[in-house]
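Read the structure below first, then the notes.
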Amino acid sequence: MQGNELIQGIVVKTYNSFYYVQTNSSQITCTLRGRMKQERFSLLVGDIVQYTLNGPDKGVIEQILPRRTKLERPMVANVDQVIVTFAAATPDLHVGLVDRFLVLAALSGLKAYLCINKIELLPADRLQDIINLYRAIGYPVLALSAKEGTGVAELKQILYGKISAFAGPSGVGKSTLLNAIEPGFQLTTGELSEKIGRGKHTTRFAQLLPLAGGEGFVVDTPGFSFTEFSGIKEAQLADCFPEMEPYSAHCRFSSCLHVKEPQCAVKEAVTDGHIAQSRYASYLEIIGELREQRNKF
Ligand code: GDP
Ligand code: ZN
């Protein structure tokens, strides 16, 4: 089992100085090659590495391949997409909060899906309004019920072959959905109070959970925290609202932030109903927060 052959895999878990690397359906426990010890603190779950074997299930990491993306909280490399998960009810769906998560996904450079769970709890017409709102902007929307099994197969298909992170408020059913997709995950589900311990403890030590057959991975802790709004510039925000793009080029001022400026094409589009009021309200709210932060420093 000794060899010089470089084998490629993905780091799914780190513990002390051990890196658990998944290749096809086997997991290899790796250490870092001596000359790479400086990478000890920068090697992340999600990194693609090349290793050599020095035992049946033991290896040495020789190389780290370039990263495509990097999530900060939790720290995970190479996440492809975020499944922004909300419940149709219990807890109530607040579109303002949905928009914040979609902005965070955009800032991380990740493709976002909007996944609405517990659909059996909301009348079909109200659900359809929400679905239409986000589909019109261009977000792929999934409506499902982990409880009744609706839409779970579709979600599974979206996760296939990708590294996905689930984001969204507590209690919307993220763990239940993941267990429905892969019963082997056995994630704790239930009331918020029962889960606080796990949430706090695992945030720093995210793991990738392999989907059956190694065809894709999910991050085991919900992605994102709201602190990430800090550090972004007000002028960047409109880029996170894709429906504003066709209009912003027609504003009177090229530096228009679409707040109080005259002859703002974005505001006109809101008045004319081309941009949803709720989305524009979310935009103003976040702009306001960014201004407050800026004034503090
Ligand atoms: P998480 O905090 O987002 O991981 O949420 P959990 O997976 O722990 O689920 C929170 C609660 O919602 C649990 O009591 C689940 O049984 C319940 N739940 C999950 N999915 C559904 C669903 O589709 N319909 C209903 N009615 N309840 C659900
Ligand atoms: Zn404008």
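For all residues, glycine too, the Cβ spot is worked out from N, Cα and C.
Annotated Zn(2+)-binding residues in TrEMBL are CYS251, CYS256, HIS258, and among CYS240, CYS264 the one listed with them is CYS264. For ligand 1, the nearby binding-site residues are SER170, VAL172, THR176; that is, of SER170, VAL172, THR176, CYS251, CYS256, these have a C-beta under 6 Å from one of its atoms. Listed in sequence order, the binding-site residues among GLY168, SER170, THR176, HIS258, CYS264 whose CB lies under 6 angstroms from an atom of ligand 2 come out as HIS258, CYS264. Sequence-distant neighbours of CYS256 (Zn(2+) binding site) (same chain, 6+ apart, CB under 8 A from its CB) are SER248, CYS264, VAL266.
Residues GLY168, PRO169, SER170, GLY171, VAL172, GLY173, LYS174, SER175, THR176 make up the record's GTP site, and a Cβ search at 8 Å around their centroid adds THR85, ALA87, ASN117, LEU177, PRO222 from the same chain.
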